[in-house]
Amino acid sequence: MELKCFIEILRPINCLIAGLVGILGATVALGHLPPIKTSLLIFLVVFLECSWGNIINDYFDYEIDKINRPNRPLPRGALSKNIALVYGISLGGVAILIAYLINFEAFIFALGAYLLMYLYARKLKPQPFIGNLVVATLTGITPIYGAIAVGKIGLAGYLALCAFLVNVAREIFKDIEDIEGDKAQGAKTLPIVWGIESSSKIGVIFSVATIIASLLPVKAGIGLGYFPIIIVDGIILWAAYEVLKNPSPKTAGRVQKKLKIAIYLAVFSFLLGSITKGV
């Protein structure tokens, strides 16, 4: 057993980003950074819940990851499945306890997300399109969680909408990328059931919908600091063009990585836009 695998299995960079997005949701809702204590609690809940989600996903994806991602801790034998399960449950449990310290709504929200992550990994992930929607929903509600923690939604609703739409697209492209491994395990993902070309077109539709949704905060009065969203929309549009031109697992893999970069830049745009509102 490798000690570093306890960090690696969390996918800490992703969890770090998720935690920051939770704080961003609160910031966008308020128009300024929340108190340090509140920010820390939001970050910890989201980081630990994200960690739980990654671990339980790897737990149930053990056989598939032997093909698609053999270097991850579980398939390479660096960590046993049972230890990983206990580890994940513990982290998720701590997240729920911390959420209770914020407010009751935040507690219920965290508990619901915890259960949905388990249900997704256990049952919903192999279901065509349903699994994609669940992941996108969990991603989209991250900024909403921060907003709920401070008792105000505000512009965080637009951030959540954009996050949901772009992550539906990204999850579809990831399924296209992983189609061979998923086929080997008998999964029924969207590209397996509907084909790569049709799935690519659906991913493009959600990509374009993201661009349209990204314009809504402008009408709602977000600050001038939101201007980098133009770059984000350009990346998404180019990614959509690429996958339409050559719908294939290789292209989908490249495109989903570009969308991930776009997501990071969008987070930055919303942050700048929220703190410059009214300037």
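Every residue gets a Cβ built from N, Cα and C, even glycine.
Feature annotations, reproduced from Swiss-Prot:
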TRANSMEM  16-36  transmembrane segment
TRANSMEM  40-60  transmembrane segment
TRANSMEM  77-99  transmembrane segment
TRANSMEM  104-121  transmembrane segment
TRANSMEM  124-144  transmembrane segment
TRANSMEM  146-166  transmembrane segment
TRANSMEM  192-212  transmembrane segment
TRANSMEM  220-240  transmembrane segment
TRANSMEM  259-279  transmembrane segment
Contact call for the transmembrane segment (259-279) against the transmembrane segment (16-36), three or more Cβ pairs under 8 Å: yes
Restricting to the same chain and to residues at least six past its boundaries, which positions have a Cβ under 8 Å from a Cβ of the transmembrane segment (192-212)? 128, 162, 165-166, 168-170, 172-173, 175-176, 179, 182-183, 233, 236-237, 239-240, 243-244, 247-249, 252, 255, 259
Looking at the transmembrane segment (77-99) and the transmembrane segment (146-166), are there 3+ C-beta pairs under 8 A, with each pair at least 6 apart in sequence? no
Interface-richest range of 104-121, 146-166, 220-240 toward the transmembrane segment (16-36), CB pairs under 8 Å: 146-166
Long-range Cβ contacts under 8 Å made by the transmembrane segment (220-240), restricted to residues 6 or more beyond its ends, are 155, 158, 166, 203-204, 207-208, 210-211, 214, 255, 258-259, 261-262, 265-266, 268-279
